[in-house]
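Sequence annotations record features per position, and here TrEMBL assigns phosphate binding site to B:ARG87, B:GLY125, B:THR126, B:ARG127. What TrEMBL lists as domain 'Exoribonuclease phosphorolytic' is B:11-141, B:158-226.
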6 protein chains.
Amino acid sequence: MERIDGRTNDELRQIHIETGYVKHPEGSVLIRVGDTKVICNASIEERVPPFMRGQGKGWVTAEYAMLPRATEQRNIRESSKGKVSGRTMEIQRLIGRSLRAVVDLEAFGERTVWIDCDVIQADGGTRTASITGAYVAMVLAFGKLMEKGTIKNLPINDYLAATSVGILEDDSERLDLCYEEDSKALVDMNVVMTGNGEFVELQGTGEEATFSYTQLQKMMELAQKGVEQIMDQQKQALGKWCSHIEEK
Amino acid sequence: MERIDGRTNDELRQIHIETGYVKHPEGSVLIRVGDTKVICNASIEERVPPFMRGQGKGWVTAEYAMLPRATEQRNIRESSKGKVSGRTMEIQRLIGRSLRAVVDLEAFGERTVWIDCDVIQADGGTRTASITGAYVAMVLAFGKLMEKGTIKNLPINDYLAATSVGILEDDSERLDLCYEEDSKALVDMNVVMTGNGEFVELQGTGEEATFSYTQLQKMMELAQKGVEQIMDQQKQALGKWCSHIEEK
Amino acid sequence: MERIDGRTNDELRQIHIETGYVKHPEGSVLIRVGDTKVICNASIEERVPPFMRGQGKGWVTAEYAMLPRATEQRNIRESSKGKVSGRTMEIQRLIGRSLRAVVDLEAFGERTVWIDCDVIQADGGTRTASITGAYVAMVLAFGKLMEKGTIKNLPINDYLAATSVGILEDDSERLDLCYEEDSKALVDMNVVMTGNGEFVELQGTGEEATFSYTQLQKMMELAQKGVEQIMDQQKQALGKWCSHIEEK
Amino acid sequence: MERIDGRTNDELRQIHIETGYVKHPEGSVLIRVGDTKVICNASIEERVPPFMRGQGKGWVTAEYAMLPRATEQRNIRESSKGKVSGRTMEIQRLIGRSLRAVVDLEAFGERTVWIDCDVIQADGGTRTASITGAYVAMVLAFGKLMEKGTIKNLPINDYLAATSVGILEDDSERLDLCYEEDSKALVDMNVVMTGNGEFVELQGTGEEATFSYTQLQKMMELAQKGVEQIMDQQKQALGKWCSHIEEK
Amino acid sequence: MERIDGRTNDELRQIHIETGYVKHPEGSVLIRVGDTKVICNASIEERVPPFMRGQGKGWVTAEYAMLPRATEQRNIRESSKGKVSGRTMEIQRLIGRSLRAVVDLEAFGERTVWIDCDVIQADGGTRTASITGAYVAMVLAFGKLMEKGTIKNLPINDYLAATSVGILEDDSERLDLCYEEDSKALVDMNVVMTGNGEFVELQGTGEEATFSYTQLQKMMELAQKGVEQIMDQQKQALGKWCSHIEEK
Amino acid sequence: MERIDGRTNDELRQIHIETGYVKHPEGSVLIRVGDTKVICNASIEERVPPFMRGQGKGWVTAEYAMLPRATEQRNIRESSKGKVSGRTMEIQRLIGRSLRAVVDLEAFGERTVWIDCDVIQADGGTRTASITGAYVAMVLAFGKLMEKGTIKNLPINDYLAATSVGILEDDSERLDLCYEEDSKALVDMNVVMTGNGEFVELQGTGEEATFSYTQLQKMMELAQKGVEQIMDQQKQALGKWCSHIEEK
C-alpha cells in the first residue's frame, strides 16, 4: 500500500526550523514538519514554582495548545470551555518531561524555562514536532542567558528530538505519520530520543489493536533512523550552540 | 515630541495582509501592522447558536486570544486560568459587533461565521488589527461559499476597517499608536469605520485623564484618514471580491 | 415619532438620589433614573491589590450585578453559572475607569475603594445610572475618611456623571433611552463627562447600523446637556461636600 | 443579662413587609426584621427542571444571596469567586424545602416558582426573614396566576413563617437573635412552622456547645410564640389572599 | 406496617467499626451500619487555615464524598462536574461542626485534623454513620499524637455519635432509616448527641410534610436510645482511649 | 542492591482479587497488589456518549481517583480543587483505552461500561493495578448482562493485565515497583498486555534519565513474565467466565 504523499515507509516529511520567529521570547522557533506548523517559544522566568523553592535548582515546564482552526474541523477554544482537555495535559506533561531529561537543572539557578508550543496548522505529529522545536527554542533561550553573562555554560547534556512511528492496516510499519495515516493507524508510537541514541520516552498505543514484540523492534529501528535525520535539521538551526552541546 | 519610530503624527505603520495563511479555514489571513501580527481565521459552521435557531438568519461571532509570549512579559494562558479575562471578552464582543454591522445576516442562511483572531506578536493596536484582518478573512470565507454555489451573492454591504488614535503627554493627537505610545497615552480611542465613511464603533477612554470636544474632532479626522489607507491594503488582499462588495 | 413616555428628545427621565441607603458601607446611595433603580455602595479597604502594593497610591475598582428579576425575564444568577458574563465585565471595567479619571489616587494612601453597583430594577441605562450613583457614594466614602481624620482633603478633582444617547429607527437622536427605546435603537452611545465639560469615556455602537459624523455631533450636544442636569441632582445629594470638590 | 436592643427574651424585632417592591416579578416583597432587609422576588417560569418533566406537577426552588456590603465587612461576590459557598447552598435548599411543605405541587401545572432572596442589609436572621418574606412573595405570584385565570385555586395549604431562637452565654433562651447576639450564642436554632402550629424544619446547632432536652423545649415554646406574631404581619401583607389560604 | 428488614421501630441496624483500615492516616476506620459502609480517615496537618493563624488553637474540618457507584444508580463524580454539590457541602459542614463540639481546640496547638468520610456503599444514613465513624478516627489520630508525645492529654470532652429517626407514611416513628425507608419518609431527622445525653445538632425536615410537637418528642426518645447503643460500639473500637475520654 | 521487601528483581508482590465487593455495581472488585488497594466498579449505562450515538456500537470509559489519604501525605480532593489533574486524566484515558483493546464494541449494543477505579491505599503501581482489576470487573458486568439475557456472548476477545517495570539507581531492571522503589527509579515503564502475549500499551519514561535498547529488551522480558502470573489470579477470580473468553 502506497503512502498518501508518495513517501517510502522509512521516509520523513520535509522539516524546516525557523529561529527568531517571535521577537519577545528568549528563544522562538517556527517548526514545520510537512503541513504541521508549530510556534515554540521559550521564556525565562526569574523564579521557580513553589514546590521547588529554596533548592537552588531550575525547572523546565511546557504548555501546548492548538489554534481553534489548526484542524480540519474547528475545535472549541480551551479558554472558552474553562478547562484544559486530558489530551492537552498529557501532551504538555510529555514535552516538559522530555526536555528535562537533557537539561542540567542544577546549572542555571532558581529559574523556570516556560515552553509554549502553539500549533498553527495540524497535520499529524504535533506533539513530536513540538518536542523537536521546543528543544531548539530552549537551547536558544539558554544561549541568551549565556550571552548576558547570567550563566557560564549551556546547561544541556545532549541533543533531543522526537518522531512518531506506526502500524497501518496493511501491517506495514511507517515513519512520521501524517494526519491521514495517523487516523487509520492500528498502532501509534511516539519516540523521544537523545543524540547518543538512548530513549527518553516511548509511548505506544494499540487503538483497538495490539502489537507483537517483533513489530515493536521494527518500529524502534525506524524511529532511530528518523530521529537522527531530524537532529541534522536541529543542528543547522542551532549553529554555534552545537559546539557547546557537544562538549559534554 | 517625536514619535519613537519616526513617523509623523498622522502616519500609519506598515501594513501587510497575507491571505491563505492556514490551510484548513474557509478564510485565513496573517495581518501585520508594524510589529503586531495577528492570525485571523474565518470558519463556516452549518448552524447558528440556540438563541437564533429557526429565524432563517446567519450569525457572525468572534474569539480573540494572545499567545502567552506575544508580549514583552509572558502572560498566563487563559485556558490554564480556567477563565477568559474581562479584556478578552470586551475585545471579542467588539470584533463580532463590528463585523456584523456590514454583513447581511439574512442572506446566507442558518450558518455561523466563527472568527478567530490569535495574536502571535503584540506591539499595540491588536484589537483594531484584528478587526481589519478579520474582515478580509470573513469576505474570503463568504467567497468560498459562493464558489461552492452555496450562496449566490456576497452578503457584505461595505468595507470595514479599524484603527486607533490617541493623545500623548505632549497633548499631540496621533494615529495608530504602537505599544510604547499606547502605554503612555492619556487618551486612547478605537475607531471602526465603513467604506462610506460612517462610524460603526467609537470607544474613547481617558485613562486617568479627560479630553475636550475639540480634541475629539481632531482624533476623528486622523482616524478617518487612517482607515481610508488601511482599506487600500484590504482591497489589494481581496482582489476579485472587491467588485462584489462595491456592487452594493 | 413620539417617545413612549411622552418626553421630548432632549429630556431626561426623573432622577432621584437617596443617600445613606444601606447602613454598613462608608458611602451608600440608591439612585433612581426613571424606573431604573441601582444600589451603589462604596467600601474602603485598608490595602490595595497586589499589583499596586508599595507605591503609596490608592485604587478604585467596581463590581456590577443585577438581581435575577431586575428585568422583565428572570436571568440566571452569575454565581450559579460560575462565571461573570462579558457584558458584566465590560460594565464594571467602565465604571472603575470612569471614576478613577476624577480621583487623585496619590492622595489617600494604600487603600482601595470598592464600588458595588447592584441593579434592583432595570429599565435601560443601568450602566450610566451606576456611574452617576457610584460617584456620589464614592465621594461620601471619602467624606467619611475625612471626618475620621484619616485624610485631610477630598481626593476628588471634579464632578462626574454619565448618560446615554441614541438614534432611533426614525433617525431621531434622543437623550437617556429607556429599555423600550434602547432595545430598538440603531445606535447606542454612553457618555461619561466631568463637571468642566470634558469627556472621560465615549462608547458608541451601531447595532447592525452605522452613524455619520453629523449624527455624532448631535448626540454629543444632547449628552452634554443631559449630564449638566444630572450633576445638579448629584450636588443636592452631596450637600456640604460640593465645596470641597469645587475648591480644586 | 439585658439584650443589646432592650427587648425582653421573648420579644421579636419590628417586622415590616412591603409588597410590590420591584415591578417585574409576579410577586415582590421587601421584608425588614429589625435592621435586616431582604428583597424576596417570586418569578413564574412556564416549565419545570428536567428531572420533573412529564409528571404534570410544578416545582418551587429558591436562590439566596447577599449584596457584598450587606454586612459590616465587605464579602467577596460569589459570582467573582466563581462558586456558591456551602453556607449559601444550605440556605437556599432550606428556603425551597420549607416553601414546598405548604404548596400543593400538583395544583399549578408544569411551572416553576423561582424565589430570589437578596439580602440588602444584614443584621442576623437573614435566612428566617427570607423564608417569611418569600412565602408572601410566592402567594402573591400564585395570586397573579389566579387573576390571569391560569389556575383556579391558590395552591397553598397553610401559612408558613420562620424565626430563630438561641441560647446565650448566660444560658438564657432568646427569641429572634440580632447579629450581635447571634455571633455570641452558644446554640442557634432556626424553626420553620405552619399556621396550624406544626414544624416544617428544625435546625439546631451547638456551636462548640451542646444543649439539653429541657432547653430544647424552652426554645420550641419561644419559637412558636414568635412565629404566631410574624404570621399576623404576613396576613396584613397578603390581604385578600388570606381567605383563599384559610379555606383549605 | 412492618419494616422492610424486619426490625422493630426502635431497633438499630447492625453496626461494625473496624480500626486501622487504611495504613497511612493517623486514624482510620471502616464503619458499617447495615449495608452502609464508610471509610473515615483522620489526618493531622501541622498548620491551621489562614483565618485561624496566630491564635494558638487547632481546627477540625471534614470532607465527605461518595464513590460514584456507592448508590443504586451511578452518580457523576464531583471532580468531573468541577464542583461540589449543595448536599455534599451541607454534610461536610455538619460533620465538622459536630466533631468540634466535643473537641478542646485550645489543647492541641496550631494543627488541623482533616476528616475524610468516603462512602463505599450507601444504604441510608451515610451522614450519621460518617459522624459516628469520624469521631472514632479522630480520637485515634489524637491518640497517635499522644503516643508520639506531641500532646499530653486527649483533647476530647465527651463521646459523640449520630443517628437518624423519621416518620413513615403510616405515621410510625422509626429509628435508623435504611435507604428504602428514607426515600419514603414524611419526616427525616438527624440527631447528633454527646455521651452525657445532650444535643449537638438536630436537623429535622418535613419533606412536603410537617410534624407536631408530640411527634418531635417521640423521635427524640428514639434517637437518644439509638445513640446510647451506638456509643457502646464506639467504646469497643476505642479500647484504651475510653478512659482518657471519661476522665473529663 | 536488595529490594526493600526482599523480593527478587523478577518477583511480583502478592496479588489478591476479591469479587462482589460493593453490592450495587454490575461488576465490583477489590484488588490488592502488595499494599496497593483499589476498588474497581463496572457499571452498565443504557446509552452511549453523544459522539457515538446511532452507530449501534457500545463504549467503555474509565474514571480514576484516589482517596485523599490513600497516600503518605494527604492530597487535596479533586472535587474541592474543582478540576481533575493532568495525572488523573492521563491515567483514566490509559485505563479506558487499554480495556477497549480487548472488547468487541460492536457486540453489546448502544451501552456504556463505566469503570470506576478508586484507590483506597496507594503503594506504587496504582494505574496498573487499576487496569488489572478493572478488566475483571468489566468481564463480570458483561457476565451479568449475559445472565439477564441482554447479550448472548461475552464481547471479550482476550485476557488483559498490566504491570510496571523499572530501572533503579544501581541499573538493575525490576518488576512491579512499590512506591519506595518507584520514587527512586531512573526509568519507569507501564506495560499492558493481552493473553496471547501482545502489547496494548507501552509507556516508558526516563525521569531525568534515559535508557538503551538493551535495557528496553530486558524490561519487556520482565513485564511479560509478570503479566502471565497476574493473569493466573484474574482467571481464578473470573471462574466460569474464563471458558467464554477462551472460546474466541
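One-based numbering along the chain as shown.
The backbone N, Cα and C atoms fix where each Cβ goes, glycine too.
Summarised by DSSP class, the composition of the domain 'Exoribonuclease phosphorolytic' (B:158-226) is 18 helix, 28 strand, 23 coil. For the domain 'Exoribonuclease phosphorolytic' (B:11-141), the DSSP-based tally of helix, strand and coil residues reads 41 helix, 41 strand, 49 coil.
Long-range Cβ contacts of B:ARG127 (phosphate binding site) within its own chain (separation 6+, distance under 8 Å): B:TYR64, B:ILE91, B:LEU94, B:ILE95, B:ALA162, B:ASN190. Pairwise Cα distances among B:ARG87, B:GLY125, B:THR126, B:ARG127, which the record gives as the binders of phosphate, peak at 13 Å. Comparing the binding-site residues B:ARG87, B:GLY125, B:THR126 on other C-beta atoms within 10 angstroms of each C-beta gives the minimum for B:ARG87. Mean pLDDT for the domain 'Exoribonuclease phosphorolytic' (B:158-226) in the predicted structure: 95. Within 8 Å of the centroid defined by the CB atoms of B:ARG87, B:GLY125, B:THR126, B:ARG127, the record's phosphate site, lie the Cβ atoms of B:TYR64, B:ILE91, B:VAL119, B:ALA122, B:GLY124, B:THR128, B:ALA129, B:SER130, excluding the listed residues themselves.
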